[in-house]
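What follows is one structure encoded as structure tokens, with my remarks underneath.
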Amino acid sequence: MPKKKPFSAGRVPLILFLCQIVSALDVPLDLVQPPTITQQSPKDYIIDPRENIVIQCEAKGKPPPSFSWTRNGTHFDIDKDPLVTMKPGSGTLVINIMSDGKAETYEGIYQCTARNERGAAISNNIVVRPSRSPLWTKERLEPITLRNGQSLVLPCRPPVGLPPAIIFWMDNSFQRLPQSERVSQGLNGDLYFSNVLPEDTREDYICYARFNHTQTIQQKQPISLKVISVDELNDTIAANLSDTEFYGAKPSKERPPTFLTPEGNESLKEELRGNVLSLECIAEGLPTPIIYWIKEDGTLPVNRTFYRNFKKTLQITQVSEADSGNYQCIAKNTLGAVHHTISVTVKAAPYWIVAPQNLVLSPGENGTLICRANGNPKPRIGWLTNGVPIEIAPDDPSRKIDGDTIIFSNVQERSSAVYQCNASNEYGYLLANAFVNVLAEPPRILTSANTLYQVIANRPALLDCAFFGSPRPTIEWFKGTRGSALHEDIYVLHDNGTLEIPVAQKDSTGTYTCVARNKLGMAKNEVHLEIKDPTRIIKQPEYAVVQRGSKVSFECKVKHDHTLIPTIMWLKDNGELPNDERFSIDKDHLVVTDVSDDDGGTYTCAANTTLDRVSASAVLRVVDVPNPPFDLELTNQLDKSVQLTWTPGDDNNSPITKFIIEYEDAMREAGIWHHQAEVSGTQTTAQLKLSPYVNYSFRVMAENSIGRSVPSEASEQYLTKAAEPDQNPTAVEGLGTEPDNLVITWKPLNGFESNGPGLQYKVSWRQKDGDDEWTSVVVANVSKYIVSGTPTFVPYLIKVQSLNDVGFAPEPAAVMGHSGEDLPMVAPGNVRVNVVNSTLAEVHWDPVPLKSVRGHLQGYRIYYWKAQGSSKRNRRHIEKKILTFQGSKTHGMLPGLQPYSHYTLNVRVVNGKGEGPASTDRGFHTPEGVPSAPSSLKIVNPTLDSLTLEWDPPSHPNGILTEYTLKYQPINSTHELGPLVDLKIPANKTRWTLKNLNFSTRYKFYFYAQTSVGSGSQITEEAITTVDEGKLAMASRQVDIATQGWFIGLMCAVALLILILLIVCFIRRNKGGKYPVKEKEDAHADPEIQPMKEDDGTFGEYSDAEDHKPLKKGSRTPSDRTVKKEDSDGSLADYGEGVNGQFNEDGSFIGQYSGRREKEQAEGNESSEAPSPVNAMNSFV
């Protein structure tokens, strides 16, 4: 998660506070005061001899001080040397050696003195030396020849310069020589070889010395090194010696380590406090030794210890006396170890414990100057006054010297002076100036009046009150105009006058007054404090992982005090954003488009105001599919395996999870790559299994969570040796296609499985149950062989073996096959039929002998058909139906039979070749069943109170008809069904007239036939009786009477309304939807489905079932009142096997038998005439 990094404002007030403490001791420059040295050159001042010499000495005082110099302890009269001038108002010397002079002439120790009427201050002793960068002395360096494995030190020994040179080794091309644990440069600049290798041979080992002060580089003569192997050395010896003299050079043996530097088992090292302690151990040996460091009787400091030069150098920074002790370096290799002890002593030049500080006193006051220093050895403390040793200086009764302290009592104005403290030992010295200034001054406040301080809430507030006065004033702070003095229970009052509010709150806002008082007077100053809301990042940028080339957005929303104007800055890795148009800042967002690898890093949103700074960072990780592997190498090349090694490409910040290895066969399928293996993403080698006689090339792809890399470059090709096949063909089968043959088939080997050239197959066969020898034939690379002249349907054992030019595959296992089949010879016997019901019969038969089948027994097939009448037999061929029963079953069921019919059947056995002879025909009868619906129903001759029905008998009576049943019921004006009337009609009738019906009334009729078994399917129809003619005549008279105009207009309006209603009615009917009664009909069940009630013989309410819908398009009844019923034949398409049907093994019928669905069909043309208005009116009543 990105972390918010608030800017720590506490450091700035702390630094400011420390500065104020120092400045509180400073005397304002408008008051009399002794000199103070403000700037001077360093003690060890190395100058560039090519430039003028500038020796600095600056001082302040009141009155302004005058300056003088000493050189090498005597007065330096600058007026006598025309090349030396002093800057006006300054003590800085400028020596113009550029015009005429040499730097060496002015080499020496210089000291500056600044003096006024109150005293004299002196500078450090400044040692001026010109820098030197001498040349190497000319020398002749002999070439070095070494045997492989020997150790070597190449000396550098640069000339002594000032300051010391920086040493490095390069070649003629100014390229640094590579260094390692075996080869490295020592602290003295020499180049050390723990053991040499032939690769170290070169003629340009050059040591360079760089003198930074003069920016010059000096070069040593190149050193030539030749490392020869044992074989080369023996050849050289053999060329110069006779056979009797030749013993031969031996290779350098492995050896335990020994130290090249330092020498011996022990050494001493001395270092000064505060410097960097550098300890070095370089060893030779074979194999190359490894260096380890320990401190005896102690541990190495954790945060100050560093290893350099491949751990051959131990460095400890900011060394102190506690770091003294014995340090041990250990060199190890496989043959042994050696150690060296370095005794370290840390000395110390003087360093301050308490440095003397300027002292301002008023007449009659007391004070002290303390000069306390430490070092190793302990420094000597010496006092001077105005540059003169205090022992020979004029006596001052107000002072008393007590070692490192001078005590002042009852000082007077004449006690003002500058005192110098000198602490020195053999390693250096410290010199400090501190004046005593006796003044009588009333308080003054140095901080500007009405200063405005702005502070962020909940942070410390520091209000300045820099002051001066002598005697030293007391300071008090007040808040507001009438506030009381502020006390230290809430506030912190510092000695320099600063008021600190540790945690400033909003109520800390206001005006604060600082009051300074001493015996000579009082001064005050007002300052103002404002508390601001802190700047906060309320929406921080979030860690993002994006794929290369995509887009990323970082959001940074800032909330701040309304009086402060923040500056929002985006940084990348704590630096400026790249100058690239892909980076854009839009309000609160940083957007990077087309992200590249270089865009990954830490992005920081920094919000700056004049008072605070807050920041928040987020890391962007740019990921992508890996770069492809490279440097593919084949090793351990064997006949059937090889080791593949590769170097992974960049994982693009998403770890590689696996490597995919593919191969190409350049011999057979050049350019087509196949999967070979997958290995873990941590592996860079794979042992690959190979097939013989393949010209392999390999390539590798890397995969990570983002995706898969592009393939690597292909490896070198590797052709494996040919070998005999490892495997035989698969899917071997033997099936005859003719009664006298055997067709042997197999799946051939592919190219990789052939293992060599000349792939063929050895096909072998023999009869399974005989004692015949195997018959074999070798065929080309095909997949089939036909054996002719075989007996019919005999089992054979078959083998197919692979072979090539090298040899045979392993012996294959034999598989069984059969020669060709022939038609069965025997018909099933003892065929028996058991009639189960009017539509189902069960057939049994005896199985045929298996030998007579002459093939694979597939089952038995029943042919059956219904006997036709003489008229039908003449019209069409007898239709036979077929049912097949799998396997060796000896019974089966015949469904879907026609009731009251005579059937004939026979049974045949079936094998793979076809059917055998049929059994003797067997006949049987089915009993009676219920009849089908009457073939048609017509309603003719409608009258006022009667309707005549005509019908055709059922097309399938399924027995002897006993009678017809007619049921009918009226439909009243509210579309409800009236009482149901049940009427029995003799079976020999085909016409019936119903009388005493209601005029102009719609009736619905249900009609079906019956046999002794039961009732058959019904047929339905609707009809309307005619209208009463008397009422029609009355309507005519009413029209004749209405001859008045108003009545005619009214009737026209009524007629128009009726016409509109009729049009609406006709449209609804023509759409095929429900007529008005239909909505009622749907609420009730069909009388066919809902049987009539036993008690009253009625069917309940009228219902129009789907199979008995009324005629549409405005005509409720066909013009000839005829309805036909389609014939219904049973279908066996879903039964038995083959095209006719299927049975389970137990003979039960699979599927569902049903006759054709009944449909109503109107014969003749439908009436297209609309009914008369009166009839239409009646139909809506």
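Backbone N, Cα and C atoms are what each Cβ position is placed from, and that goes for glycine too.
Per TrEMBL, the features are as follows:
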type	residues	note
SIGNAL	1-24	signal peptide
DOMAIN	35-123	domain 'Ig-like'
DOMAIN	130-224	domain 'Ig-like'
DOMAIN	256-345	domain 'Ig-like'
DOMAIN	350-437	domain 'Ig-like'
DOMAIN	443-530	domain 'Ig-like'
DOMAIN	534-615	domain 'Ig-like'
DOMAIN	628-723	domain 'Fibronectin type-III'
DOMAIN	725-822	domain 'Fibronectin type-III'
DOMAIN	827-929	domain 'Fibronectin type-III'
DOMAIN	933-1030	domain 'Fibronectin type-III'
TRANSMEM	1046-1067	transmembrane segment
REGION	1076-1181	region 'Disordered'
COMPBIAS	1076-1096	compositional bias 'Basic and acidic residues'
COMPBIAS	1118-1128	compositional bias 'Basic and acidic residues'
COMPBIAS	1164-1181	compositional bias 'Polar residues'
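The domain 'Ig-like' (35-123) is not in contact with the domain 'Ig-like' (534-615), judged by fewer than 3 CB-CB distances under 8 Å for residue pairs 6 or more apart in sequence.
Residues in the domain 'Ig-like' (534-615) partition by DSSP class (helix H, G, I; strand E, B; coil) as 3 helix, 42 strand, 37 coil. It is 256-345 that, among the stretches 256-345, 350-437, 443-530, 534-615, 933-1030, forms the most Cβ pairs under 8 Å with the domain 'Ig-like' (130-224). Under DSSP, residues within the domain 'Fibronectin type-III' (628-723) fall into helix, strand and coil as 0 helix, 49 strand, 47 coil. Looking only at the domain 'Ig-like' (443-530), the predicted model's pLDDT averages out at 92. The domain 'Fibronectin type-III' (725-822): residue composition by secondary structure is 4 helix, 45 strand, 49 coil, according to DSSP.
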